[in-house]
Amino acid sequence: MNTLIQKLWKMRGGVHPAFHKDDSTRQPIQHTAIPPQLIIPLQQHVGHLPDLKVAIGDTVEKGQMLASVSAVGIGAAIHAPTSGVITSIEERTIPHPSGLAGSCIVLDSDGKDDWGNQRLAPLADYRECAADELLQRIEQAGVVGLGGAVFPSEVKLASAGEGNVETLIINGAECEPYISCDDMLMRERAEEVIVGIDILMHLLKAKRCLIGVEDNKPEAIAALNSALETLGAAGNAGHGQIEADQGSNTQLSGDSSDSASLAIQTVSPIASAPRIEVVAVPTMYPSGDAKQLTRILTGIEIPKGVRSPSLGLLCHNVGTAYSIYEAVVAGKPLISRITTVTGNGIQSPQNFEALIGTPFSFLVEQAGGYTDKAERLIMGGPMMGIALPSDGLPVVKACNCILISSRDELRLNDHDPADDERLVMPCIRCGKCMQACPVKLLPQQMYWHARARDFEKVAEHNLSDCIECGACSYVCPSHIPLVDYFRFAKTEMKAQQQAAIKSSQSRERHEFHEFRKAREKAEREEKRRKQKEALQKKKAAAADGKAGEGDSKQDAIKAAMERAKAKKAALKAAAKNKQDNSDAV
Amino acid sequence: MQFDTRITSLVNDAPDISQLMKQVLYALIPAVATLLYFYGWGVLINLVLAVVFALALEGIALWVRGKPVKPFLKDFSAIVTACLFALTLPPLISWWLILVGLFFAIIVAKHLYGGIGYNPFNPAMIAYAVLIVSFPLQMSQWPGAYSVTGEWLSLSDSLSIVFGQMDADWDAITRATPLDEVRTGLITGQSYQDIVAGDHFGWLSGVAWQWTSLAYLLGGLYLIKARVISWQIPVSVLAGLAGVAALMWLVDSSIYASPLFHLFSGATMLGAFFIATDPVSASTTPFGQLVYGASIGFFIYVIRTWGVYPDSVAFAVLIMNMAVPMIDYYTQPKVFGDSGRAVHGKR
């Protein structure tokens, strides 16, 4: 047996709740009947709303793209989970904690489940494909992270870049109580998962892959190991070469879907098998958090704001690896996922391969219906899941579990049944939350400041590092819903930040407006001043002109006077001459 | 079908406050038994009266403040405060002094600040401090241990003394506590070795006190084992006290008591495991708890040695209670990914 890692690192903190996973793992994954109507929200992923490609009244085939990746930014495509007619595109309540509505495509199925020619061309010889081609396929198939983040896988893989990732971590820890979809997937479709991993390793040029699985899933670990052995042996027989003919292909068992079994026959042996290792990690919530699992497996703590590929790491969920396998090898877009339907509110808890858009109520019916204890509906697990108001909501890509329980099933201690609602007591700062916190926060201090709405102080206590795992709430002897306070503080801080941005924007706008007003005023004044100046100049010039005229007049007068004087003198002289002449006579 | 979405945090498996408090009470059992053995009925009377008064005062305070009375009474916090306070009192003390003390503990130190979880000071130590400052004579009338005096006071006599029906012959009953004896002895110029050579001194401290201290230690270790308290505070209190005491003892062992004597005398063990660890008024960060505990140990020594009071756990704890917000602020642990050490990938 190869050993790719020397030791496991110990997780800090964590809690060990009752896991209740056996309830839903007694039966194999069931395929549901095709629901008469599917409700497909457009926003099922992180990123922009995809661009609609269909209109009301369109007949669509199974696997047809209903909406493509947004032209303006990252996102994921949405496909028709079955064939039928689009009867409506409207705002409907979506499974989201806000309870808000979002755009949904309503598809009335025709029951034929007809692919038409929508199936993507299988890329069985993916090892010959360029990374770009594979990335394009993953994008085309609308694959998103199925561990809960629903981040578009293509974007994550493309941004990691080829050759940067030394260690690919596949997250099969599934640490949250009640959920068993990944467990069942690994048990029943281990070989497909391994092929998916091989695709990822080829795409990333990763050196090794560690599959982290909590040790409370021995069947899954065994299944993965035997799949590795089978596929690896076949790979070694072929010396890692891709067999052009399918002769040496391993015949894979598996009662998976038609698409999967069809595709697996075209899969070549796995050359990377010796570089893949299944690692059993101690069962401790929340070891399935990507950063926690990374630390357990490699000892590396990924700091806040640092992208894991820059440390040579990348983490994907097993469900995502399986979807990538389906997209690449089977040509099947992400139109279904495995969903656990469980809790003491369900007659027969089990896992389904559910079409995206299937109403919860349809799945519950398939699981034998409700018991009389159905009082709470949670999407996800009891620690991080969200309470939802109605079972009319549809399965989305993020929906790993539908948990229906009585009000007090999840309170695992034997408290007085007379206390219907347990009183939340004041915090006594006992520090149990601090000991349970896997990221070394001080929840008791953060709670204090969050209650006082002193969000600046909460931020100083590194609220942004909180992964909202709920371990603090779980251990609190005062039964304070600590994680709710932290979620509240986060949204509140975001709102404040946005308000601050908005106000600074409007202040800038206002300042610019004032500036413009001032500038315009200055310009106007300048203009006016110039005009005035020009006018004055003109006036002055005019006055100068008049003065010149006066001079010439005076000159003329002077001249005239001189002339007159001269005339007078001449006349005087003539008279004198006359007198002299008369004297002489 | 519609569902209720109000409760979002769904799982809580933790023992609640009352269970933690009950564990503290269980941990006191060995010490109570030891004290009963050495000091008789007075110890039990103190405990019973204190619990009754505390519950009554707590109930009144909750009622006046408009809080739900029953669930808060059931949290056992008032009972713990009452028991810890009662164990610091000399047996046979008058009943009304217990009431006065608990008035300050429950009403002033606790409810005027907002009730459980909001008190910046340890309520039991506030009560003790008020009494020892206001009634120093009554508070220092410790009867001699039964093993020393050989006199066992009957329950009815004890009750009569407590309720003032009978005047006790205090001069005959009381004995100086070991801390007092050492203190007075050193002041009058005796050497430490001569003082502790008396036959009522054991190998650690006064016979009764050393066994009581050992009983507290046993209970405290149980609390650590049961994860009711963390190890940081008790260990650092004891280390802080023993450290300073050892240093001074090495300087001059004839005028400074030995570290072991300090550890097993007075309220050291009670303080380290049961008082300083009160989570509400103590530091809450792991490193802060070490600072907090060591400082308490330091102040216990300083006040015992150079102050006017023979014992000083209450004052040391109250002084450090004041510093808690500052200690907590400056001792935040580094968060995940911030330690630098663990990031050993590329770069």
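Every residue, even glycine, has its Cβ placed from backbone N, Cα and C.
Keep in mind that this is a model prediction, so the values were computed, not measured.
Positions annotated as transmembrane segment by TrEMBL: B:45-64, B:71-89, B:125-144, B:201-224, B:231-250, B:256-275, B:287-307, B:313-331. According to TrEMBL, the feature FMN phosphoryl threonine maps to B:T177.
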>> At a Cβ cut-off of 8 Å, and with pairs 6 or more apart in sequence only, do we get at least 3 pairs between the transmembrane segment (B:256-275) and the transmembrane segment (B:71-89), yes or no?
In response: yes
> Can at least 3 Cβ pairs under 8 A be found between the transmembrane segment (B:125-144) and the transmembrane segment (B:71-89), with each pair 6 or more apart in sequence?
Replying inline: yes
> By the DSSP assignment reduced to helix, strand and coil, which category contains the residue listed as 'FMN phosphoryl threonine'?
Replying inline: coil
> Out of B:71-89, B:201-224, B:231-250, B:313-331, which stretch has the largest tally of CB pairs under 8 angstroms to the transmembrane segment (B:287-307)?
Replying inline: B:231-250
>> Long-range neighbours only, meaning 6 or more apart in sequence with Cβ under 8 Å: which ones does the residue listed as 'FMN phosphoryl threonine' have?
In response: B:S140, B:W142, B:G206, B:W209, B:S265, B:G266, B:P310, B:D311
> Which bits of the chain, at least 6 residues beyond where the transmembrane segment (B:201-224) starts or stops, bring a Cβ under 8 A of a Cβ in it?
Replying inline: 23-24, 26-31, 33-35, 38-39, 145, 147-148, 177-178, 181, 230-231, 234, 260-261, 263-266, 268-270, 272-274, 277
> So which residues does the transmembrane segment (B:231-250) touch in its own chain, when a touch means Cβ under 8 Å and the partner is 6 or more beyond its ends?
Replying inline: 220, 224, 256-259, 261-263, 268, 271-273, 276-277, 282-283, 286, 289-298, 300-302, 305
>> Counting only residues 6 or more past its boundaries, what in the same chain has a CB within less than 8 Å of a CB in the transmembrane segment (B:71-89)?
In response: 16-18, 21-22, 24-25, 28, 31-32, 35, 43, 46-47, 49-51, 53-55, 57-59, 62, 97-98, 101-102, 105-106, 110, 115-116, 123-124, 127-128, 131, 139, 267, 270, 274-275, 314
